[in-house]
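Here is the structure we will look at, set down as structure tokens.
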Amino acid sequence: MGIKGLNAIISEHVPSAVRKSDIKTFFGRKVAIDASMSLYQFLIAVRQQDGGQLTNEAGETTSHLMGMFYRTLRMIDNGIKPCYVFDGKPPVLKSHELSKRTARREETEKKLQEATDQAEKMKQERRLVKVSKEHNDEAKQLLELMGIPYITAPCEAESQCAELAKCGKVYAAASEDMDTLCYRTPYLLRHLTFSEAKKEPIHEIDTELVLKGLDLTLEQFVDLGIMLGCDYCDSIKGVGPVTALKLIKEYGSLEKIIEYIESDSSNSKWKIPNDWPYKDARELFLKPDVINGNEVELKWQPPNEKGLIDFLCGEKKFSEERVKSGIERLKKGLKSGVQGRLDGFFQVVPKTKEQLAKAAAKAKAAKKSGKVTKKRR
């Protein structure tokens, strides 16, 4: 689900923290991709002309494999070295959100049965899409054959992607979930795995510029995310994005915000959930269950050509001609990606406080003038 309204807050208050770029901009970059989110996108977006999912002759769904194969090839074509991170066991605190999703699925199934219009049926069918263990296992098998590294996180994929980026194993985390910023990834890439036909630029969000532009510490930013609404607990009823930002800036923490709300009867319009586990939610963001990034070794290997043809063509009935063409693109792209970037030959020096303060001032000036300034790489 991510965090409701966070993207809008950043766009309004720190527009210069978001850079919109063509995929070619990231030539030579290593990127950790939220695999589960990507597979969900593929199952929804990769469809036949009649709107149904792609299937082979046996009726098995292949949309996830088609999407994974060709979207990965597109990244490789553009010199990006992707690695994928799969979700592990969801935290106990997420069970309430999963229960909500189950209830929504039941409601959607009811609407699907009642739908008479074809467009409405397709709409409800897409809402029922769910990534299964089989989808994940087949995607891992495909990546193994392609020579693309992947890891299974102990818990949330986004937090593991952020960990790899923080440790310098990759340049950025790629996910559509804005809560990835709460794990303090240096950069978050959105829309990286979108279809080329969408013509959607990649949004690169600089976490440090976001924090400085909003004038918040990481802890305060996480508290803001919890107030806006995250996967781990309910939010304060009646508090929207504008009020949430105002409260966290004025009071500095959820503890003091709760104290303020409970101290004045005029604040009764805001409802704090009973037994609100916001501290546990905060802990999941600040101290996530991840594999230490320094202990992870990412290797991109030559593709297993025979294995790919046997799996995709023999078993899944993909076009052999197209798969062989894809294999050649894969081999060529992995070689060209080895060239790397010029800045890869130099040590990356963290931004100083003065540089961050200057960038924050620039962001505020851009907001006042109504102009969005692009940071240069």
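Cβ from N, Cα, C; glycine included.
Residues or ranges marked as region 'N-domain' in Swiss-Prot: 1-105.
What Swiss-Prot records for Asp34, Asp87, Glu156, Glu158 is Mg(2+) 1 binding site. Cβ neighbours within 10 Å of Glu158 (Mg(2+) 1 binding site), excluding its own Cβ and spanning all shown chains: 31.
Residues or ranges marked as DNA binding site in Swiss-Prot (evidence: sequence analysis): Arg47, Arg71, Glu156, Gly229, Asp231. Under the three-state DSSP scheme, Glu156 (Mg(2+) 1 binding site) falls in the coil class. Listed in sequence order, the residues of the same chain lying 6 or more apart from Glu156 (Mg(2+) 1 binding site) and placing their CB within less than 8 Å of its CB are Asp87, Gly88, Pro90, Pro91, Leu284, Pro288, Asp289.
As annotated by Swiss-Prot, region 'Disordered' applies to 99-119.
The region 'I-domain' annotation in Swiss-Prot covers 120-251. The DSSP breakdown of the region 'I-domain' (120-251), given as helix, strand and coil counts, is 71 helix, 16 strand, 45 coil.
Taken from Swiss-Prot, the feature Mg(2+) 2 binding site applies to Asp177, Asp179, Asp231. Asp231 (DNA binding site): 22 other CB atoms within 10 A of its CB, across all protein chains.
Confidence over the region 'Interaction with PCNA' (338-346), given as mean pLDDT on the 0 to 100 scale, stands at 53. According to Swiss-Prot, the feature region 'Interaction with PCNA' maps to 338-346, an assignment based on sequence analysis.
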Of the binding-site residues listed as Asp34, Glu158, Asp177, Asp179, the one whose CA lies nearest the CA of Gly229 (DNA binding site): Asp179
Count of other CB atoms lying within 10 Å of the CB belonging to Asp177 (Mg(2+) 2 binding site): 23
Rounded Cα-Cα span from Glu158 (Mg(2+) 1 binding site) to Asp177 (Mg(2+) 2 binding site), Å: 8
Which of Asp34, Asp87, Asp179, all binding-site residues, has a Cβ with the fewest other Cβ atoms inside 10 Å: Asp87
